[in-house]
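Notes follow once the structure below has been shown.
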Amino acid sequence: MKYNFRIPALFIASALVVSTCADSSESTTIVDEKPEFKPTKIKAPFLEQFTSDWSSRWSPSSATKETKEGGETFSYVGKWEVEEPHVYPGIKDDKGLIMKSAAAHHAISARLEKPLDNKDKTLVIQYEVKFQDGLECGGAYLKLLTESEKGIQAVEFSDKTPYTIMFGPDKCGSTNKVHFIFRHKNPLTGLYEEKHLKSTPSATISKLSTLYSLIVRPNNTFEIRVNNESVKTGALLEDFTPPVNPPKEIDDPSDKKPEDWVDDPKMDDPDAKKPDDWDEDAPYEIPDEEAKKPEGWLDDEPSNIPDPEAKKPDDWDDSEDGDWIPPSVPNPKCEEAPGCGKWERPNKRNPDYKGKWYPPKIDNPKYKGPWAPRKIPNPDFYEDLTPSNFEKIGAIGFELWTMQSNILFDNIYVGHSEEDAREFAEETWGVKHSIEKAAEAAEFPETEDETPSSFFETIQKHVNEFLEIFYDDPLEAFKEKPEVAGGLGGLVVILFLLLGVLLNLLSPPKKASASHKKTDEPTPDDEDADNKDDASASKDDSSEGKGAAKKRSKTPKDT
């Protein structure tokens with residue numbers, strides 16, 4: 001019996017094609033003469049470049065933080081410094097705010113000259129992050145702190161301080177996202193609730209300066225950009241959980257399903273009866289009485305025997321280690337035989353098997369359809385059509401924990417002008433980014449061997465983004481990244497097919513002689529062979545049988 005395996009050629013039409021366009025203006029050589037830092041002339045409600053007078057604006061926190069689990073208290077002991085980057089410096093004398101302590105809680109804030117009111121305006125939040133030592137676990141997001149009657153108390157700044165917006169990268173374990181959270185005030189109760197972006201983009205973890213931008217427009221739409229490229233767009237009224245506005249109607253909690261309500265469209269046919277010849281106890285399989293033990297079956301030979309070449313280790317102590325037993329190896333006598341050990345009659349499907357009898361289903365005449373409680377007006381309903389009119393902002397703060405040190409922040413812009421923010425980015429991040437890339441390229445020149453690694457890292461990034469979305473909202477994941485869903489689906493199909501082929505190859509081969517010997521009836525192949533070659537019939541029966549069995553037992557290996 002031959003095994004013919006046909007493995008179909010399967011292709012995943014991968015839409016994970018990442019086009020990397022190199023800007024012709026970027027040089028691949030390190031710039032020996034770096035440009036010198038010059039403060040920008042752009043104005044904004046809040047703009048920070050961490051010049052020499054930075055300490056007059058920024059104040060570290062002296063507060064403590066209590067964990068949710070266990071009630072353990074931590075102090076914000078993480079050190080802050082303003083200095084030039086030590087990894088790929090881009091602009092001479094350009095300094096940034098750096099978290100200096102690893103595995104520590106950090107908190108620092110700076111007040112705005114006057115509270116920022118975003119009513120009917122565009123809000124732009126933009127800043128740079130540079131992970132000089134990489135990032136395995138930690139946050140690098142900023143908070144726009146909510147203005148209060150007593151004002152922002154920098155020394156008391158902690159995780160409990162009310163904020164209006166939280167925006168920026170966060171990574172730890174499987175979490176890798178760009179947060180966008182805003183606190184919204186319930187106009188009925190006056191209570192605040194956090195609204196989280198449902199499908200967040202992935203953070204860019206790099207030793208190069210990365211530019212993060214958030215734009216919220218008066219029409220309640222938003223856009224997130226990373227390095228001036230749009231990575232997420234949406235609407236405040238549609239893409240956040242819990243939603244800004246509660247539903248107009250809710251289920252009536254007092255409404256109960258009537259006891260006589262029938263919501264099953266089908267029912268058992270009351271007139272149906274089990275046939276008299278229906279045997280529910282008949283087994284699914286029965287022994288094959290026509291099967292016969294193949295000739296040459298070695299009843300007295302085990303399938304495995306102790307390894308005759310194995311020797312007891314010299315340091316084996318029977319009193320402490322017990323009796324030494326050599327390892328088992330396949331019995332060489334069984335390799336050419338149809339089988340070894342006790343032969344058991346195989347089973348075959350019972351032709352009389354019918355299983356448990358069930359009456360057929362018919363339409364339920366009492367069916368009323370699926371029941372649902374009636375709707376009533378939601379007493380907690382309100383409608384805020386302008387959630388982009390955020391609570392007033394009084395300060396900017398970083399309240400973070402990180403396992404890596406030397407995370408640098410620079411060139412913070414908070415204002416209302418997309419054009420000013422873009423121009424500010426061009427004269428800061430745009431200048432240093434090209435220099436940093438050239439320095440990185442010189443340190444780690446690309447080679448042909450690195451290309452496949454880069455490709456698979458790109459695929460892994462897309463898959464991680466898909467899974468991150470999938471955990472929060474499976475439907476949204478399929479909508480945003482259908483190419484990843486299709487690719488993973490195709491991969492699953494290929495894995496199952498390959499697994500089936502592998503199991504077929506690894507499973508013990510069925511002996512071709514066994515089926516012939518079980519029935520002692522010639523198969524069509526045997527009849528054809530006898531018709532084509534009468535000479536073989538004149539050979540000694542015992543010799544022919546032994547040779548045929550031997551040949552058939554090798555057939556699966558030969559194929």
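Glycine residues also receive a Cβ, built from the backbone N, Cα and C atoms like all the rest.
Marked as signal peptide by TrEMBL: 1-22.
The disulfide bond annotation in TrEMBL covers Cys137-Cys172.
Per TrEMBL, region 'Disordered' is recorded for 237-356 (among others).
Here the compositional bias 'Acidic residues' (277-288) has Cβ contacts under 8 Å with residues 345-350, 352-357, 518 of the same chain, all six or more residues outside its ends. Residues or ranges marked as compositional bias 'Acidic residues' by TrEMBL: 277-288 (among others).
Look at TrEMBL and you will find 484-506 tagged as transmembrane segment.
Among the features that TrEMBL reports, region 'Disordered' is placed at 510-559 (among others).
According to TrEMBL, the feature compositional bias 'Acidic residues' maps to 522-531 (among others).
The compositional bias 'Basic residues' annotation in TrEMBL covers 548-559.
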Spatial neighbours, same chain, of Cys137 (disulfide bond) - Cβ under 8 Å, 6+ residues apart: Lys171, Cys172, Gly173, Thr402, Met403, Gln404
Cβ-Cβ neighbours of Cys172 (disulfide bond) (radius 10 Å): 14
